[in-house]
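Peer 1: Grabbed the feature section from TrEMBL, which reads as follows:
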type: TRANSMEM; residues: 24-46; note: transmembrane segment
type: DOMAIN; residues: 27-528; note: domain 'K+ potassium transporter integral membrane'
type: TRANSMEM; residues: 66-84; note: transmembrane segment
type: REGION; residues: 120-140; note: region 'Disordered'
type: TRANSMEM; residues: 152-178; note: transmembrane segment
type: TRANSMEM; residues: 239-259; note: transmembrane segment
type: TRANSMEM; residues: 316-336; note: transmembrane segment
type: TRANSMEM; residues: 361-385; note: transmembrane segment
type: TRANSMEM; residues: 406-430; note: transmembrane segment
type: TRANSMEM; residues: 442-462; note: transmembrane segment
type: TRANSMEM; residues: 467-486; note: transmembrane segment
type: TRANSMEM; residues: 492-513; note: transmembrane segment
type: DOMAIN; residues: 529-742; note: domain 'K+ potassium transporter C-terminal'
Amino acid sequence: MDALAISSVSIFADFRKDTWMQTLILSFQSLGVIYGRLSTAPLYVLESIGPGDISSPDEMHELFSFIFWTLTVIPLLKYAFIVLKADDDGEGGPFSLYSLLCRHAKVGLIPSNRGSSKILNQEEEEISSDPSKGKPENKARKAIEKYKSSHYLLLFLALLGACMILSDAVLTPAISVLSATSGLGRSLAKISKVFSSDETKDHVANALKKYVPTPVACAILVCLFTLQHHGTKRIGCLFAPIVITWLIFISGFGLYNIIHYDVQILRAVSPVYMLRFMKKINLRHWKLLSSIVLCIAGSEAMFADLGHFSKKSIKITFICFIYPVLLLTYAGQAAFVSKNLHADGAFHLSESVPNRSLEHIFAVLSLFASAVGSQATITAGFSIIHQCQALDCFPRVKVVHTSDKIFGQVYVPDANWMFMVLSIAFTIGLHDISELGKATGLAVTVGLLVTTCLMSLVIALYWEKHLFASVCFLLFFGSIEAIYLSSTLTSFFHGAWCLIILFLFFMTIMASWHYGTLKKYESDVENKASPVPYVHASRRYLIGRVGPKEYKIYRCIVRYGYHDNVRDTDDFEDNIISSIGEFIAREEYDQEALNSPEGRMIVLGTPLNDGNGLITVTETNSSEYGPNMGESESRRVLLHDPSASRSPPPVNKKRVRFMLPPKSPQMRPSVRQELEEIIDARESGTAYILGQSHLTARQGSNLFKRLLVMTYVFLDKNSREPPVALNIPNAALLEVGTVYKI
């Protein structure tokens, strides 16, 4: 067994282990990122119900029974205890489940580099024995691998789940902030009491309720999305105290309302109340469930945001704090509504505040909490786009890694501003909490159902449990989510139609990009890396020879996982040259490489310490001007602004040079000569040749194909170019293009 492979895996395993202190810190931060959505749901769950939709206090008890069991079954049982275990090396979301299925069953449509994947898989098999070896062949896997239509269905499910999370990232900020600003409008409307005329009071109150919420909501949305570049850690630490204060506040007066208004509400935890509701079910009752499902809005973020935190921190926070506090809040609100069923605005959470002097505090606190409540879906949206982009299902955009310790914490600037524009547009266009609630409810239920379908396959194909367990999981959770889905569809023309617009928008982008990428990569599938989440630094490079040894032509493959921290750095060329030098030094000890006619590709990444490779020397030169400013440009600056000559800060430029180690009897003369030639070639300069391929539709292609190709071409021209990501200077770049007609 390779000692290098053993050490790399052990280091990576140690990195993934969290101490209790780290878990507590992550739990605290998760309150401000993941659980803000679930925590602010009481603002709009009951408010999205029409005033005349509940006819008696008994119906309110029955609806609370639905809230209790929905929170218990979906986020607690399904996500906290089952789904969180199906992570893809610490990553979550529908695409992580799809990635697991692609690696453990031949269902992937995305091309991969078979050469490098084979070597990577061989190393993994050497490091850890596969417990599935020796087991009988899985019949479910065999059936799914056989039919190509099932492969397309799985990809569609993954894309559908991704679209729902991205749509949720647009709708949730709108409904959360608008529900809070509506409470602010009600609070300000009470200022109209200072007027003596009843007509003036009504006019001012109505104006404040009508015209204040939407503009204030838009302003808060701009501030919220502007903060995103600070990263998950800072945002989590900033938002967590707000969520804690908010939850303590609403659960406090929730407990008061239970004692003061209706202690009998606690009996509604019995499932008998749900059965009573179902016995007298009609269209009016069915529509009520579309509002109740909003109480679990944000559950998917527990899994989708897994890459930003850890399983232990997410699970502990929900079970020990979020779950009991939310039940107390909903019980108190239900108790208040059951005794004030026909009061004006009784379904709004602000009306259940027991002390009228606390209403203004509630209004301000709800504004902050609603902004925080949107963070869960925004963060999940960044993670999903990062995964989709790496799996060739989203255009190339800049991904900023905001943490050096947790690779999953990412920020996508382009997606952030897209979410902001769309969210503001829906806030202005609908400016109605009920309609936004119906659209959000549909997005939530579809996302939950997609996760259930993919998870049932993971149970059968990845966990290799009995098919009966997979079917039971699908039927139990799927039937509950299907009931809520059907209830949200009854409100399709009352706001749920908005989701279709967002779905078509995101699906067109992802389907067109995947289709175009798939067609382009069919000719050079060998140049792609597998959909693996992380590649350890010690196994980053694959170096080999092309042709006989005297040709001195090297094949270099640089492997990144779809969640690896790929930064914009200037050391790409240095790392390649260092790896080639290490390959030359190590090759003479690799008997398999010596016996192969064209050599064997060797996994590299960790430099040798035996003095037989290239030695790097870092030189720092002080420059008077910025690193990106040429001499002619600096002269123009001095001519236009003479004062600039007095205060340009010196900039240190770092340049890496390579040297041969001192003569060692262990190094053969041929190796030393080849390393000298590598150093001379480096000093002469490096040229980059990048292939550029373009798509056009064949003459006579159908309209649908032409639309996909046109969309892909538009996205390709306006997305991030590969040379930008690699910091390749234009003077050293040569692009070779080819046109594919499909």
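Note that Cβ sites are derived from N, Cα and C of the backbone, with glycine treated the same way.
Could you tell me the structural context for the features on the list?
Peer 2: Sequence-distant neighbours of the transmembrane segment (152-178) (same chain, 6+ residues past either end, Cβ-Cβ under 8 Å): 37, 40, 43-44, 93-95, 97-98, 101, 107, 109, 144, 213-214, 217, 220-221, 224-225, 297-298, 300, 304, 367, 370-371, 373-374, 376-378, 380-381, 384-385, 387-388, 393, 419, 422-424, 426-427, 430-431, 433, 436-437, 439-440, 443-444, 446-447, 450-451, 453-454, 457, 498-499, 502-503, 506-507, 510-511, 514.
Within the same chain, residues 28-33, 35-36, 39-40, 42, 265-266, 321-322, 325-326, 328-333, 335-336, 349, 352-354, 358, 361-362, 365-366, 368-369, 372, 375 sit at least 6 positions outside the transmembrane segment (239-259) and bring their C-beta atoms closer than 8 Å to a C-beta of that stretch.
Non-local neighbours of the transmembrane segment (316-336) in the same chain are 23, 27, 30-31, 34-35, 38-39, 41-42, 45-46, 60-61, 63-64, 67-68, 71, 75-76, 80, 247-248, 250-251, 253-258, 261-263, 265-266, 268, 295, 302, 346, 349, 351-352; each lies 6+ residues outside the stretch with a CB under 8 Å from one of its CB atoms.
Long-range contacts of the transmembrane segment (406-430) within the same chain, counting only residues at least 6 positions beyond its ends with a Cβ under 8 Å from a Cβ of the stretch, are 90-91, 169-171, 173-174, 177-178, 214, 217-218, 221-222, 225, 228-229, 231-233, 306-309, 378, 381-383, 385-386, 397-400, 436, 495, 498, 502, 534, 563-565.
Outside the transmembrane segment (467-486), and at least 6 residues removed from its termini, the chain residues within Cβ reach (under 8 Å) are 70, 73-74, 78, 82, 139-140, 286, 289-290, 292-293, 441-442, 445-446, 448-449, 452-453, 455-457, 459-460.
If you look at the transmembrane segment (492-513), the same-chain residues 6 or more away from its ends with a CB under 8 A from one of its CBs are 159-160, 162-164, 166-167, 170-171, 388, 392-395, 422, 426, 430, 432, 434-439, 441-443, 707-709, 711-712, 715.
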Peer 1: Does the structure show the transmembrane segment (24-46) and the transmembrane segment (442-462) touching, where I'm treating 3 or more Cβ pairs under 8 angstroms (sequence separation 6 or more) as a contact?
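Peer 2: Between the transmembrane segment (442-462) and the transmembrane segment (24-46), which are separate recorded stretches, there is no contact, as judged by 3 or more close Cβ pairs.
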Peer 1: For the domain 'K+ potassium transporter C-terminal' (529-742), report the average pLDDT of the model, please.
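Peer 2: Computed over the domain 'K+ potassium transporter C-terminal' (529-742), the mean pLDDT is 69 on the 0 to 100 scale.
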